[in-house]
Amino acid sequence: MADPSLNNPVVIQATRLDASILPRNVFSKSYLLYVIAQGTDVGAIAGKANEAGQGAYDAQVKNDEQDVELADHEARIKQLRIDVDDHESRITANTKAITALNVRVTTAEGEIASLQTNVSALDGRVTTAENNISALQADYVSKTATTSQSLASPLNVTTSYSVGGKKVLGARQTGWTAATGTANKGVFDADLTFAVSDTYTQSEIQAIANALITERRRTKALEDALRAHGLID
């Protein structure tokens, strides 16, 4: 803090010193001149002292002002250090967060690549399925369609065929011995009648025998048909 006493001027009690105030015929002229010169010197010294005191006071006032300014600067620097420390902490936290995000992004990129591979595989499977569906739509047998349907390939069933819920064709029957002789696939009159007299003539018996042969051949033809269709063996 500035010393206010430095601002107080030096007061010279004797403000005027010349030959008129000195006793006459006591001192020599040279001494009188010396005394007068001393008074002048004392005044000059007092002036310089006052200037020096004022300068010292002004310097102390300036120092006090600078001390206040330096204290403000120190406080601001301290706050800046606190802010910098806070920023460093936040930067460190952000760096860690960025590192974690990088890891997550890398993981996500790997998962995306895997998903892209899976999607490509699924695209291939979907394309194949679409082609299969198109093929099925162009060539399939419907359970609900009422129009005539056909198959180009053999059809295999485990038990039997039914029409209206009634069995019409079952599994092959085995144990049949194949008939021999000639099969009759020609004209066959199921209503043919025979004349029979009381004495059974030769011609009547021959007609019945011929009809029996025709029937047997017809039976052979039917058996051949059943075998051809795989119904008996």
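Note: Cβ is positioned from N, Cα and C throughout, glycine not excepted.
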Fill in the blank from the handout: Candidate ranges 86-90, 146-150, 216-220; Swiss-Prot annotation motif 'Basic cluster' resolves to 216-220
Practice task
Please spell out the DSSP helix, strand and coil residue counts for the repeat 'Trimerization heptad repeat 9' (119-125).
Solution key: 7 helix, 0 strand, 0 coil
